[in-house]
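Database features (Swiss-Prot):
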ACT_SITE  119  active site, N6-AMP-lysine intermediate
BINDING   37, 38, 39, 40, 41, 86, 87, 117, 140, 177, 295, 319  NAD(+) binding site
BINDING   413, 416, 431, 437  Zn(2+) binding site
DOMAIN    594-671  domain 'BRCT'
């Protein structure tokens, strides 16, 4: 409650009526939710609690006596032959147990059967079929009447325009949910971002916004889906199956899509087990849900239980803990990832989201902060799904305080004080102190020791973890100062392993300039670029002193790579580590290419297992001879060198007519 909210009960009740009316108008009519569902539910339950104490205050205009918003004026209005009511919600197991007890008491039944199904987070729809043909589709609206969205519904491929069965009722109103699969939503948002168009906040908003387009051509481009789960008008009534589960099976026979995640439940224990089962798999479902629904399975028993003014007495929605909640941004810090990525993180007033107390949420990058206009002091909606890091979804701007502060991205790394860089066309800013930064230390060491870099056998992730955690190694240069005793004392190391690692470290001093450059971990500098740089500059110091214009003269080095190299080399911390490495006895050979006229300028692709060498060794031989080794087969490929167990690359080569040779033939070309 804000500081100016009413305090006495009557005033609080009036405030809730007005506030909920405002929120419902925004949600149902304007399609612009102002609060997460959990916040709306909390306010609505508070209203019901007050009415339970003061039933004399309830009038026909009370929000508890109707379902919600009116139809948009731009669409024709459709009156529902059978009202589209919402469901009562349960948030605690005790409420579910009470629901089961009431049903059994009214029906004088010892045991009940319930149909358990998912509660989708989309838009409720009624489809009216007459003699098997889809004639009208309408939104829920206020429950009594909704919007005619027939033209838009007909664009959804999951919804049949004609039912496929001989025994089709004259009139059948199918109730269900229009929604968007997560993969479709993410793809649509990616495409929108690429075109510079507005992105949707979540799949529910995307589905609702798409369905309520006045131009059905726009809706046709949106990846909407549908699941059937209920029944409206029906003629003749004799068509009606005996149970809800049988109805859904009949829908499937008619060609209607029905969710397979459902089950008939025969006790409270089975109901709670179903709730837990769906909760466990919730984060792996391909669509958003916010709970499960239980319906008395027998239609005869449903009729006996009847309806309240707002919801049926035979059904209940069992909600999961909110995956979105409101809280306040107390501050914005930046974190440095293992690759140097600088990620802004909002420090939040503690809030319960998805059953977990959240105090921090990612803001992704500087552009995202600007796009969402997140400021220190703002009230924000925070979302958490499964193991995904909590994120700030949106800002509640009408709650922004006058003293809210804009965020400024720091220019220096908070861990090592190296300068922060952001290259052209990249959303992520990064710390430039790759060889020195404590946050990047482990990743830098693992890359440095890689077999394609310095090739330090035995220096894997677990050893690196111990070396860094025990402060034995801070930079790659420290590896060459390690003593036998320090290594032998590491967990699961032993004297023999320590001796072997010392030998591997010493052997790595004899390497090539190209491998050394690659081992430094300069962003955008891979093996091939490292070889080109080594061939061009012939020494490490020459590369360290190269400017952007000079770098651009190197084969395949463009502006992004040149900027990355100069940024790395200009950082004093990195230069210091390189000098320490060179002073440790490095002997960096410059490999001379022995150009072979038969392969120079040719493109090779390697696949399968070779009899006398690894693919990496074959690649080195070809590149030294002036050939290029690619990772995939195309029409531009000159040769595919195939060993045993060659896979799809061999098939592709045969399809394209690319010459296929074996290792022996390759060696003949290199002579």
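Glycine residues also receive a Cβ, built from the backbone N, Cα and C atoms like all the rest.
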Residue 413 (Zn(2+) binding site): tally of other CB atoms within 10 A of its CB: 27
Taking the Cβ of residue 87 (NAD(+) binding site) as the centre, how many other Cβ atoms fall within a 10 Å radius? 18
Taking only same-chain residues 6+ apart in sequence, whose CB is under 8 Å from that of residue 416 (Zn(2+) binding site), what do you get? 431, 433, 436, 437, 438, 439, 573
DSSP-derived helix, strand and coil totals, residue by residue, for the domain 'BRCT' (594-671): 27 helix, 16 strand, 35 coil
Once the DSSP letters are reduced so that anything not helix or strand counts as coil, what is residue 431 (Zn(2+) binding site)? strand
Measure the Cβ-based neighbour count of residue 39 (NAD(+) binding site), defined as the other Cβ atoms within 10 Å of its Cβ. 18
Who sits close to the residue listed as 'active site, N6-AMP-lysine intermediate': which same-chain residues at least 6 apart have their Cβ under 8 Å from its Cβ? 87, 289, 290, 291, 292, 293, 317, 318, 319
How many Å lie between the Cα of residue 140 (NAD(+) binding site) and the Cα of residue 413 (Zn(2+) binding site)? 53
Which residue, of the binding-site residues 431, 437, has its CB surrounded by the fewest other CB atoms within 10 A? 437
Using the Cβ center of 413, 416, 431, 437 as the Zn(2+) site position, which other residues in that chain lie within 8 Å, going by their Cβ? 336, 340, 414, 415, 417, 418, 432, 433, 436, 438, 439, 440, 573
Residue 295 (NAD(+) binding site) and residue 413 (Zn(2+) binding site), compared by Cα position, are separated in whole Å by 56
Which residues of the same chain, at least 6 positions away in sequence, have a Cβ lying under 8 Å from the Cβ of residue 41 (NAD(+) binding site)? 89, 91, 319
What is the interatomic distance between the Cα atoms of residue 39 (NAD(+) binding site) and residue 413 (Zn(2+) binding site), given in whole Å? 38
Residue 41 (NAD(+) binding site), DSSP three-state class -> helix
